[in-house]
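As given in TrEMBL:
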type     : residues : note
TRANSMEM : 33-55    : transmembrane segment
TRANSMEM : 67-92    : transmembrane segment
TRANSMEM : 113-136  : transmembrane segment
TRANSMEM : 148-171  : transmembrane segment
TRANSMEM : 183-206  : transmembrane segment
TRANSMEM : 212-233  : transmembrane segment
TRANSMEM : 297-317  : transmembrane segment
TRANSMEM : 338-358  : transmembrane segment
TRANSMEM : 370-392  : transmembrane segment
TRANSMEM : 404-420  : transmembrane segment
TRANSMEM : 426-449  : transmembrane segment
Amino acid sequence: MIQKIKRSLANLTLKPFDTSTEDGRARERMRRVFLTSLASGVSKVISVGGTLVSVPFTLRYLGPELYGVWMVLVSIIGAMSFADLGIGNGLMNAVADASGKDDRVALEEAISSAFFLMLIIAGSLTLIGVVAYPFLPWPRLFNVRPDLAVQGAHAFVVLYAFFVANIPLGVILRIQSGLQQGYLSNIVAAAGSALGLILLFVVIVLHGSLSWLVFASSCGIVVATLINGYLLFREMPWLLPRWATYHGTTSRRLLQSGLMFFILQTAVALSYTSDNIVIAQVKGAAAVAVYSVPQKLFAVISMLISMVLLPLWPAYGEAASRGDVGWVRSTFLNSLKTAFTFSALAGTFFVLIGPWLLKHTVGREVHPSIALLIALAVWSVIASISSCFSMLLNGAGVLKVQSIVAIFVSLANLGLSIYFTRRFGIIGVCLGSILTQLIITLPIQSVLIRNLLRDMRIKTVAASS
């Protein structure tokens with residue numbers, strides 16, 4: 001164990017390794033994975049810390065009603081987070097694959113094709129927004145006085161404009177992720193969050209309107225992304241999207257893979273967001289807090305696991321493209337061991353301190369049972385293991401079966417959650433998720449991984465003979 005830790009720490013260096021050998025490529029991948037995970041953690045701390053610092057000030061400045069309007073706007077935009085139709089993830093896979101094959105032409109075609117597709121999406125959303133804006137019932141949507149609704153409508157225009165602009169700009173972040181330079185994207189995100197926080201306080205000091213607050217909090221990341229793009233394309237100018245390198249076949253391929261990602265993400269999102277709705281409908285809105293508050297506590301485990309696992313996605317894609325099956329297999333097994341060990345220990349810890357922690361943070365209003373805490377801990381372990389499978393399957397582009405399974409699982413999870421909640425109370429939503437993962441998702445993912453590794457070995461042997 002100590003030797004493994006020492007070998008892992010040896011990869012945590014700013015100096016890149018020689019990638020002319022298989023061992024050098026393996027060490028370079030892990031170096032980038034570690035750097036990206038570390039940068040992601042720093043970015044998350046700054047983002048969450050900035051939110052915790054800004055909320056009391058903005059709440060006092062705006063008042064409960066206008067602050068609520070802002071949160072409604074954020075929720076609306078958040079619900080549209082899949083607006084790129086999965087093309088961003090498709091591009092990341094294409095970049096990783098082309099990078100693994102050292103295919104500069106394919107790299108240029110993928111980037112340009114994705115950029116213009118996203119430009120079309122952004123243009124379409126702009127047109128839809130312009131046409132729909134005058135007809136939206138803002139007072140009813142926000143459920144506030146007409147004067148506050150007008151402020152909310154104006155703020156929506158600002159937030160929507162940044163949202164649309166971020167769609168084509170997202171190409172920059174996907175390029176860096178596909179090239180396993182996600183640490184640069186995370187550094188940019190941290191800088192953008194810090195800039196947004198500073199501008200937010202400037203607007204408060206100057207007594208700006210809600211629209212200016214939205215502008216201040218949103219423009220930081222856009223400015224940082226533009227600077228990031230300038231540095232990226234200055235270093236590698238051939239990556240700059242150009243109409244000359246747009247390719248129709250590549251666009252269709254990106255749309256196809258993007259659609260699979262879109263279906264997969266939507267189905268997974270429905271599975272994760274339906275719990276509170278089921279509890280509210282079956283047990284009443286008051287019961288939601290008893291589940292959602294401890295669930296947020298255990299969600300920290302998944303968040304930390306994701307920060308470590310996400311950089312493996314493009315690394316798997318590049319390694320699979322090169323045929324480095326040994327690295328893929330060993331890294332996958334190590335990720336399983338790490339995710340299981342960490343989630344099991346963290347879950348046990350939260351079960352033990354959960355009652356005390358919740359009592360001293362939210363008071364006696366929320367008092368979950370030990371059975372619910374244990375169920376959430378078990379779910380955290382299962383979700384962490386499933387994430388390990390998903391990272392490899394996503395990176396290798398095994399999407400069609402995953403999408404079909406995800407749709408079926410989301411429907412089965414909803415049905416079981418409703419049934420178990422009626423029978424056993426709020427713990428039922430957790431039981432539904434656990435059973436669908438154990439009975440459907442994990443067995444199918446295991447078969448897909450086994451077949452993937454077998455096919456990779458066959459291709460590697462065929463290529464070397």
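Our numbering is plain: 1 for the first residue shown, then up by one each step along the chain.
Every residue gets a Cβ built from N, Cα and C, even glycine.
Three or more CB pairs closer than 8 A are found between the transmembrane segment (297-317) and the transmembrane segment (33-55), so contact between the two stretches is assigned (pairs 6 or more residues apart). Counted over residue pairs 6 or more apart, the CB atoms of the transmembrane segment (148-171) and the transmembrane segment (67-92) come under 8 Å in at least three pairs, which marks the two as touching.
Scored by C-beta pairs under 8 angstroms, the transmembrane segment (338-358) has its highest count with 370-392, from the stretches 67-92, 212-233, 370-392, 404-420. Panel annotation: around the transmembrane segment (212-233), residues 54, 58, 62, 70, 73, 155, 158-159, 162, 165-166, 169, 172-173, 175-176, 184-185, 188-189, 191-200, 202-204, 206, 239-240 of the same chain, lying at least six beyond its termini, place a Cβ under 8 Å from a Cβ of the stretch.
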